[in-house]
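Below is one structure, written out as structure tokens; the observations come after it.
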């Protein structure tokens, strides 16, 4: 169905005279244009459905270059004109700097603009130890500090005068005045320099007095005591016409206003001449520790200390030799006469003598004298190194990190009863201790001094160590005797019955 032709458009409205003028203060009407459609109330015309408004701007690269040029070359850049400061809506105080106020109490307030009056907390002025007790006698000592009278404040408020302040009744220096701010803090006015400060000028005075006061009496006393003695040799005291005293040195043909008795060089020479001559100590041995023999003692004391150290060293050397003699015969118990002269036994004996020869300077150990003191014999029967168990400095403590069990000490894996039974099982000929050869069948003795080595080297170096390879094979094929089996059963039975045993059998 054809809707028909559209209705004719309304004729354009003729322009007539403007309406009544707008009231004052209202913006003038804009340029004449087509009237807004009815009901739109001059709202911006929305784009049709499905259309978007695209704002086309210039090249962004050129805009960035312009910004960089404005910064790098401010003279050649086209800086946009800004609104002058006079045309901006700024208060009048912006263009009028504050006038400097007179020096008065009203000018020193916390609300002022003076930046030089910031509180300064100096560490040296805040320590109560630097304050003399006599200066704060009028005040009272409180837990928060020194305060008195109106300066006292509640403990909850930490004011400046509660740290380290001088009471108000102590007079100020000339030209100074103390005032308080609205918050109660004290400051000081210097009328001489026309300045204000937070620092109390009385603190500097007290610190100067405390530094100069104690030093002056000793100096005067030392000068009086030193000047009261006789003049050095070659010096003479004389007096001028005005009554001034001067000193003549006849040795150098010179005069001086300074008393030679006050010169520390002459005083030192005088003391040295009056004191008794001291002998120079002999040169110390290289092995002597410098910390023990040094220290400014007399030569006699140093010689006594040196002799004591030498005696101690000799005594320790004798202990070690006695220990070696006590332990070495035990290694010869299980050596048969047939194997004592074997090359292997001689080699072990030579190796055991090497450390001893090095310690004694290449000479073998001498035979112990029968008149050796009982003290050395009792101290050398312990069976360990004297440097490890002597005194409380170093001792072989009980081990708490043993891997065998949870006990506080460790024991060897081989029980002692079994070792004793092995000694009884020796079927060889009985060896007389007096007829033993001089060869030693031991490892070097310094292995026994190592802590934690509880292995009996003498047992390991018995007949089994000296048997050659050809003799070892037939011995393994022999049947075990009944005596060995009986001994093993007795040892195992004793171990099972012993509840306190900490052996771990793997």
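Heads up, the Cβ atoms here are built off N, Cα and C, so glycines get one too.
Keep in mind that this is a model prediction, so the values were computed, not measured.
Lifted from Swiss-Prot, the feature list:
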type     : residues : note
COMPBIAS : 1-38     : compositional bias 'Pro residues'
REGION   : 1-60     : region 'Disordered'
COMPBIAS : 39-50    : compositional bias 'Low complexity'
MOD_RES  : 60       : phosphoserine
MOD_RES  : 62       : phosphothreonine
REGION   : 90-112   : region 'Disordered'
MOD_RES  : 104      : phosphoserine
MOD_RES  : 109      : phosphothreonine
MOD_RES  : 118      : phosphothreonine
MOD_RES  : 126      : phosphoserine
MOD_RES  : 130      : phosphoserine
REGION   : 132-160  : region 'Disordered'
COMPBIAS : 147-156  : compositional bias 'Low complexity'
MOD_RES  : 163      : phosphoserine
DOMAIN   : 170-204  : domain 'WW 1'
DOMAIN   : 230-263  : domain 'WW 2'
REGION   : 274-307  : region 'Disordered'
COMPBIAS : 279-289  : compositional bias 'Pro residues'
REGION   : 290-506  : region 'Transactivation domain'
REGION   : 356-416  : region 'Disordered'
COMPBIAS : 371-393  : compositional bias 'Polar residues'
MOD_RES  : 373      : phosphoserine
MOD_RES  : 390      : phosphoserine
COMPBIAS : 401-411  : compositional bias 'Polar residues'
MOD_RES  : 405      : phosphoserine
MOD_RES  : 414      : phosphothreonine
Report summary line: Counting every protein chain shown, other Cβ atoms within 10 Å of the Cβ of residue 62 (phosphothreonine) number 9
Report summary line: the domain 'WW 1' (170-204) resolves under DSSP into 4 helix, 13 strand, 18 coil
Query raised in the report: Per DSSP, how many helix, strand and coil residues does the domain 'WW 2' (230-263) have?
Result: 3 helix, 13 strand, 18 coil
**Report entry** Segment confidence, the domain 'WW 1' (170-204), expressed as mean pLDDT
**Finding:** 87
